[in-house]
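The active site, proton acceptor annotation in Swiss-Prot covers Asp164, and the record cites sequence analysis as its basis. Sequence annotations record features per position, and here Swiss-Prot assigns ATP binding site to Val14, Gly15, Arg16, Gly17, Ser18, Tyr19, Gly20, Val21, Val22, Lys37. Among the features that Swiss-Prot reports, domain 'Protein kinase' is placed at 8-333.
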Amino acid sequence: MVSSQPKYDLIREVGRGSYGVVYEAVIRKTSARVAVKKIRCHAPENVELALREFWALSSIKSQHPNVIHLEECILQKDGMVQKMSHGSNSSLYLQLVETSLKGEIAFDPRSAYYLWFVMDFCDGGDMNEYLLSRKPNRKTNTSFMLQLSSALAFLHKNQIIHRDLKPDNILISQTRLDTSDLEPTLKVADGLSKVCSASGQNPEEPVSVNKCFLSTACGTDFYMAPEVWEGHYTAKADIFALGIIIWAMLERITFIDTETKKELLGSYVKQGTEIVPVGEALLENPKMELLIPVKKKSMNGRMKQLIKEMLAANPQDRPDAFELELRLVQIAFKDSSWET
């Protein structure tokens, strides 16, 4: 054990999910603000999700301005803490790995185990809240598209498939805004859950994320690609999710989440009085023609074509993250009226 003295002071709770609580905190020595995610390791599924995120975040050797950065991960057992590192031979770390692999608790259940992820603090809420509290703005739309495509290209270059890309998992940082002319910085967060490797186990062995097939059920219905519904997918599923997000952002398409009753940005297909996720509808009818734009009278031809390709039923017909980034840059800077 390293220390029983807290390094961070928790200020307030800023978010709560199915397997963790996020706090705004300050580093005692520097007073710098950070976000701290506290994950209780009381069930094998919690441990597995936490370790996946830790392995993905810690595998990234460089930083990107639009991807959340993991400062450190701290493992707590009762009142004692230690810094956790990938590949550690610490008995506590190995117990968590064993729990994840076996699907059953491999440590004394009477002890309280927690993982604390210390990350960038984002002060502007999430992309969903930010956009829906403001009028549509072409400059903001352009900035957000370019930032998201850059983040996705970076993740895929680092063999990371997000698997749950949606506006709620994209955070807003406004701390560096010097003037009202600057757009906020986006940070892709939660998810980052799968590091692809040729062996499936060695993160140091690179492989194309577009050839790394996954089968674990992941994602949120309205952003899931057809092949995710089937349970056999690659990184092209992230391209589909981003297509849903961009289409919804440009046209301000929203739906009401049936559980939370919250209004969310997201595209869908209408079937009678029902709204159906695009991916689910395409799984049932791969030849279905998507009506784009659905609310506006018109849309720039190149933008419309790109969104349709991102939402292709066949993942092989979608651009990869690197082509997507290039094409969005070309549309943003070469087509002066791209959004109309």
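Including glycine, each Cβ sits where the backbone N, Cα and C put it.
Structural mapping of features recorded in Swiss-Prot.
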residue	record	DSSP class
Val14	ATP binding site	strand
Gly20	ATP binding site	coil
Asp164	active site, proton acceptor	coil
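The Cβ neighbour count for Val22 (ATP binding site), using a 10 Å radius over every protein chain in view, is 22. The Cβ neighbour count for Arg16 (ATP binding site), using a 10 Å radius and every protein chain shown, is 11. In this structure the C-alpha atoms belonging to Gly20 (ATP binding site) and Asp164 (active site, proton acceptor) are separated by 16 Å. When the alpha carbons of Val22 (ATP binding site) and the residue listed as 'active site, proton acceptor' are compared, the span between them is 18 angstrom. Averaged across the domain 'Protein kinase' (8-333), pLDDT in this predicted model comes to 88.
The local packing around Asp164 (active site, proton acceptor), expressed as other Cβ atoms within 10 Å of its Cβ over all shown chains, amounts to 19. Here the binding-site residues are Val14, Gly20, and the one ringed by the most other CB atoms within 10 angstroms is Gly20.
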